[in-house]
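J.: My structure is below; once you've seen it, I'll send some questions.
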Amino acid sequence: MTQDIVILAAGKGSRMKSAFSKVLHKVGGIAMVRRVLTTASTLPESKLHLVVGHQGEQVEANCQDFSANIVWQNDPQGTGDALRRVAPFLQADGATLTLYGDVPLIRASTLEKMTALSNSNTLVLLTISLDNPTGYGRIVRNEQGKVTAIVEQKDASESQLAIKEVNTGILLAPNNHLQGWLAALTNNNAQGEYYLTDVIAMAARDGVDIVTVNPENEAEVAGVNDRVQLAALERELQNQQAVSLMQNGATLLDPSRIDIRGELTTGHDVIIDVNCIFEGKVVLGTGVEVGPNCHLKNCTIGDNTIIKSNTLIEESQVGEHCDIGPFARLRPGTQLANKAKIGNFVETKKAIIGEGSKVNHLSYIGDTEMGANVNVGAGTITCNYDGVNKHLTQVADNVFIGSNTSLVAPVQVAEGAMIAAGSTITKQVGENQLAFARARQTNKDNWPRPIKK
């Protein structure tokens, strides 16, 4: 059955006290509305509609890659009013699923349960029973247990306020009925708004079957109105992701101290120490160990690689059996072949480091192509920038570079060459040559040491 999916994202979100649209605030490193759009996009045969209003330009710009139909609601008058704005774009057949841009943890599996029950004479509601239902619309059922209406908190009687089953706001309605119901909505209520929930009573009146589905947990349908609720959902999501990683064979030394701000994929027997941040798309191979206080962003780490504490890796590719850190920084464009080693206080950028090569301490290697089994001494620098342009340093296999060497790019060092410590290399070094470029040492006898006055 074809579906229209409407995501409501027009609210002002004044309690967030922010210059940004509420739905653009992030949970797990991803804007809430993008999480909802991503989940909605998994449903087949669907057309997305995004209702925007307050700061709608921000929302539209942030979500343009989803190719959703943008519908403006500049003067919001309730959820029913939002659907009425979308009504001209709805397909004649099929059904319309209503979601919310500030309910970011809704699961595709829950929506699939709803769509499985959908047909031209059935309305599907997502409901949940809460110990404290304050603030939610109550689900009213008749003696046979059939849903007959949803009553909002401000319009509910005392007996209705005692009902624990509440409306989550998410519903799936057949389009052949929905158009008429939307046209018949009125704003005769305490808020003076057009409630989408009023279509439930209309469906019951018209003999349409009303069935309910429940989410897996309360967090799945929790909305965000302020930063306290945002923080609570952040913790919930991080806990869910931590549990999933452990169930898939990763060890987290403290599951409460990991932050995943994107997508983290791990092989078996991965070990992650405390206070690590994973941002964007990160892949950790089998047997990878990540020490404490590391930050990995948009990178792939090969099997059995060890990443020691306080290391930053960004937009890099790391091979198998590598050894990185502590206190190392791999900047965008770094590629480490298998068994490469990057030690403490080493920074790389747009650097290809060959198999078995070692940059053990206190070095900067940028815009470099380095072969296999190269040893780079402490304090070595590639001088890649002339003030205007970046230049390439090329180091072939089996090169030994002494400590405190400066390689002034563009420069090439051929296979098997050796560079003496303290050299500044500005010219090509040939195969198996020894290069030294430093001032001659002079020793003066009986030199008088300066005396403090």
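Positions of Cβ are set from backbone N, Cα and C atoms, glycine also.
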J.: For the acetyl-CoA site, Swiss-Prot lists Asn384, Tyr385, Ser403, Ala421, Arg438; sort out which one of Ala378, Ala396 goes with them.
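T.: Record source Swiss-Prot; matching candidate: Ala378.
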J.: Quick one: average pLDDT across the region 'N-acetyltransferase' (249-453), no decimals.
T.: 98
J.: Among all the protein chains here, how many other CB atoms are within 10 A of the CB of His361 (active site, proton acceptor)?
T.: 18
J.: Cα distance, Asn384 (acetyl-CoA binding site) to Arg331 (UDP-N-acetyl-alpha-D-glucosamine binding site), nearest Å?
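T.: So the Cα of Asn384 (acetyl-CoA binding site) lies 15 Å away from that of Arg331 (UDP-N-acetyl-alpha-D-glucosamine binding site).
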J.: Looking only at Cβ atoms, how many others are within 10 Å of the one on Asn225 (Mg(2+) binding site)?
T.: 15
J.: Just name the most isolated of the binding-site residues Leu8, Ala378, Ala421, going by other Cβ atoms within 10 Å of its Cβ.
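T.: Counting other Cβ atoms within 10 Å of each of the binding-site residues Leu8, Ala378, Ala421 gives the minimum at Ala421.
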J.: Given the binding-site residues Arg331, Arg438, which one is most crowded in terms of C-beta atoms within 10 angstroms?
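T.: Per the Cβ count, the most surrounded site is Arg331.
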J.: In terms of Cα spacing, which of the recorded positions Gly78, His361, Tyr385, Ala421 are within 10 angstroms of Asp102 (Mg(2+) binding site)?
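T.: Within 10 Å of Asp102 (Mg(2+) binding site): none of them.
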J.: Do me a favour and check the Cα-Cα span between Asn225 (Mg(2+) binding site) and Gly11 (UDP-N-acetyl-alpha-D-glucosamine binding site); whole Å is fine.
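T.: The Cα atom of Asn225 (Mg(2+) binding site) is 10 Å away from the Cα atom of Gly11 (UDP-N-acetyl-alpha-D-glucosamine binding site).
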